[in-house]
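Positions annotated as signal peptide by TrEMBL: 1-24. Feature annotation from TrEMBL assigns transmembrane segment to 166-189, 201-225, 253-274, 286-303, 309-328, 335-354.
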Amino acid sequence: MRPHFRTLAKLVVFRCFSVYLVSSWFVPDEVYQSAEVAHHLVYNTGHLSWEWRHSLRSFFHPALIALILKVLKILSLDTQYLVYHVPRLAHALLFALSDLSFYKTCLRLCKTKGIAENSFITYLSSWFVFYCAPRTLSNSLETSLTLIALNWFPFERSYKGITWPYIAFGVVTVVIRPTVALIWIVFGLHHLYYNPRPFRSLLRTVLPVALPILTITVIIDSWAYGKPTIPLWNFLQFNVVQGGSSLFGVHPWHWYITSGAPAVLTVQLLPIFVGIVGPSIFRPTLLPLIATLFYITVHSLLPHKEQRFLLPIIPLLCIYAGGAFQGLKKWRGSAIVAMVTINIGIAIFTSRYHQVGPFAAPRRIMEEWRDHHGTLSVAALMPCYSLPGHAFWHTHLKTLRLLDCSPDLMHIRGPNELDEADQFHSNSTKWLIEKFALEHQNYQRVLMYEKVYEPVRRWFEANGWYQCIEKIWHSIVLTSSREDNYMIVLCRNGY
């Protein structure tokens, strides 16, 4: 127990360090599907995106964050700094527990302790896991709970321990992120296949564990939405059956293989591949690989794809890397050092220098506004949901004006009418004259990317707006044609 305790202590320090280091913007869901909803539950301020208006999301994950915010509020510790960072710290600490759980899983599955430790180092050095661990993403929570659940999974056919905890954690992950069910389908079928009494296990363990959890989450969501609601079903219907995920972008079927996996795994790909196809003497059970292949195959059939969807399968693949390093013998140490060094470089770049504007700009605005009185009203004339909301600004923010890009599910817009974000970026001057001219005096600050601001500078200057803060660095590698390397902050005369 004591060696594991020391390992856990080191992992806690490591993950807490990631809370400090990771200060970049990744995806809107980090805020608007979790912390922002929690802020709305506790403070009644916070933007609810269109998914929440159509009951496509479960309140389970935001409710967990809301509990943290509620405690901070009761203790009068709900400062802007703590409201933003404590939920991230909680996710990081949970990840530290899942790290230890994964280490134990490696020890169970790998042929030797040396192979297990090589597999664990491969996972722990992953830049993408480090990058996502402290974020309030549902993907981060589902991954950490999945790794914890594997502690109780009966990989060994002679397994005599209890199995209900893995089922409970597995069901919770499905509630949080329905598509993770693809992993549990494979693991669950394996469990039942090798179970001497599968139907008895199904009736006496699986259903008694799963049904209460599902019932409780349905009750919570129905209460939160004010009507009988099953977000899990709505999510699958909209994104999978109706193909609604294509609204977020469409990628070719091979994207995860040719782009997604190489980007998130980088140099880890080589030892993973060698470990899979190499000598079987080093290779553990193929069950994690089968689950991974099934997960990727089904996700490849869906039109919309993202790197973060691969997060739960990274540790499953890293299990196989240990055997590859074991076969290197005298070159093993150098290869591991090279892998770790490369991932440290990528982690530092993506965490501190890549897409940092959405957090750096609000911090700078709050510093500049400190001598003023009252709260801020800010207009973000940027790609929709590319700036954190009340969950970050907290008491500094009165209103945040975001360009709307909600899908027209109610068929309110004309057949060829663009959403507001597309209207703005297709003809900024026209949109400012016809739309923003009627409301710009409601705001004290406007945020824009530099290349978007320059063509409409004269309009803003003519209407009493001027650049009041130095340009704010965003990123050297742009992920969208609507972004720029710098952000511009505009102030209105008198404010």
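Residue 1 is the first one shown; counting continues down the chain.
Note: Cβ is positioned from N, Cα and C throughout, glycine not excepted.
The listed stretches are 166-189, 253-274, 286-303, 309-328; of these, 166-189 has the most Cβ pairs under 8 Å to the transmembrane segment (201-225). Using a cut-off of 8 Å between Cβ atoms, the transmembrane segment (253-274) and the transmembrane segment (309-328) share at least three residue pairs, counting only pairs 6 or more apart in sequence. Within the chain, the transmembrane segment (309-328) has long-range Cβ neighbours (under 8 A, six or more residues past its boundaries) at 102, 105-106, 109-112, 114-120, 122-123, 126, 128-129, 132, 139-140, 142-143, 146-147, 179-180, 183, 256, 260-261, 264-265, 268, 270-276, 278-279, 281-284, 288-289, 291-292, 295-296, 299, 335-336.
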